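Undergrad: Quick paste of what TrEMBL says about this protein:
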{"type": "SIGNAL", "residues": "1-15", "note": "signal peptide"}
{"type": "DOMAIN", "residues": "74-384", "note": "domain 'Peptidase A1'"}
{"type": "ACT_SITE", "residues": "Asp92", "note": "active site"}
{"type": "DISULFID", "residues": "Cys105-Cys110", "note": "disulfide bond"}
{"type": "DISULFID", "residues": "Cys266-Cys270", "note": "disulfide bond"}
{"type": "ACT_SITE", "residues": "Asp275", "note": "active site"}
Amino acid sequence: MKWLGVLWLVTLSECLVKIPLMKIKSMRENLRESHMLKDYLERYPRSRAHVLLEQRRNPAVTYEPMRNYLDLVYIGIISIGTPPQEFKVVLDTGSAYLWVPSIYCSSPACAHHKVFNPLRSSTFLVSGRPVNVAYGSGEMSGFLAYDTVKIGDLMVVAQAFGLSLEEPGTFMEYAVFDGILGLGYPDLSLQGVLPVFDNIWMQGLIPQNLFAFYLSSKDEKGSMLMLGGVDPAYYSGDLHWVPVSKPSYWQLALDSISMNGVVIACEGGCQGIMDTGTSLLTGPRNAILKIQNLIGAKATSDNEYILKCDNINTLPDIVFTISGVTYPVPASAYIRKKHSHNCYSNFEEGIDDSSDSEMWVLGDVFLRLYFTVFDRANNRIGLAPAV
């Protein structure tokens, strides 16, 4: 029966659409080099997300407190309109809508990015519906519109997307990307708005209702989003499938997190989110502080955690166990080395949402190690070592 599975994957790899991703300098690095990181973190602390969580009562606003994109390093190119207007976007499994800046945006952030001009598109339709999105580190307000969206060779007709009128604060000023394209479940999208991937599937543009990510750990090029299929050349061994525990985020159940065979977090099980819109590994405050202490990381005045670079050669793997399968994360992955003598921890405090006793977000640090398939048809996630 195994050869049937291999044949199925080979068949899918011949039909899939590959979207190249670019590796960029993160907002955190830009801010650090400009000596503005401390000021930014003081103005937009992670604790601000708790306020947003408490404000989720207004149905006219979409709240995304966990999205701050501060450490994001992978983006893709899409185009909108006829003729096409190109944009660099975050391909984000932790949200589910598409938005880009518009020519009508008056915020300073929009002056630093490409903006969409509706007057130049013959296929543009406006809905007039207002759009408001609140992030953990900024906001976007604008209006909903419809137009043709091109991603790779796929042309998605009459796709709903947001056009910003305001991007208050400095949230987007230091970002290399122009907008965001969400790949989460429709539950995360604006009410009544189908996400891009749902329309790709419903319009019959791909053979299978799934997509996959390969994130290169070294080169600026080589990372890939695959739509409608899986290319086995990007991973080794077999894919291990894990059911989605809550079809909203790409959420699954974690068994434990351990070091040297000893459980150090997620004892008795917890929840995790596979998130391409997050670069680091985030978790509850107490668990993260314990891990920082175990790896010898010390807090700085910028609320970052630094440690000696020599520790990369001596620290053990931190192991995430999912559905009985172990996924080691070596020190070379959970420690970020820079040009200076200091190294930074890739663990970060997340948001302790009262609805979940322990929630972890497995961002690019994890996804660079493990090729990941997001299977909408079967509500499951596939994981295998990336090559």
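Note that Cβ sites are derived from N, Cα and C of the backbone, with glycine treated the same way.
Can you walk me through where each of these features ends up in the structure?
TA: Sequence-distant neighbours of Asp275 (active site): residues of the same chain at least 6 apart with a C-beta under 8 Å from its C-beta are Asp92, Thr93, Gly94, Tyr249, Trp250, Val361, Leu362, Gly363.
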Undergrad: Measuring Cα to Cα, how far is Cys266 (disulfide bond) from Cys110 (disulfide bond) in Å?
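TA: Cys266 (disulfide bond) and Cys110 (disulfide bond) have their Cα atoms 41 Å apart.
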Undergrad: For Cys105 (disulfide bond), which residues in the same chain are close in space, meaning a Cβ under 8 Å from its Cβ, but six or more apart along the sequence?
TA: Val115, Gly142, Leu163, Ser164, Leu165, Glu166, Glu167
Undergrad: Compute the C-alpha separation of Cys110 (disulfide bond) from Cys270 (disulfide bond), stating it in Å without decimals.
TA: 39
Undergrad: Kindly state the mean pLDDT of the domain 'Peptidase A1' (74-384) in the predicted structure.
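TA: Averaging the confidence scores along the domain 'Peptidase A1' (74-384) gives 91.
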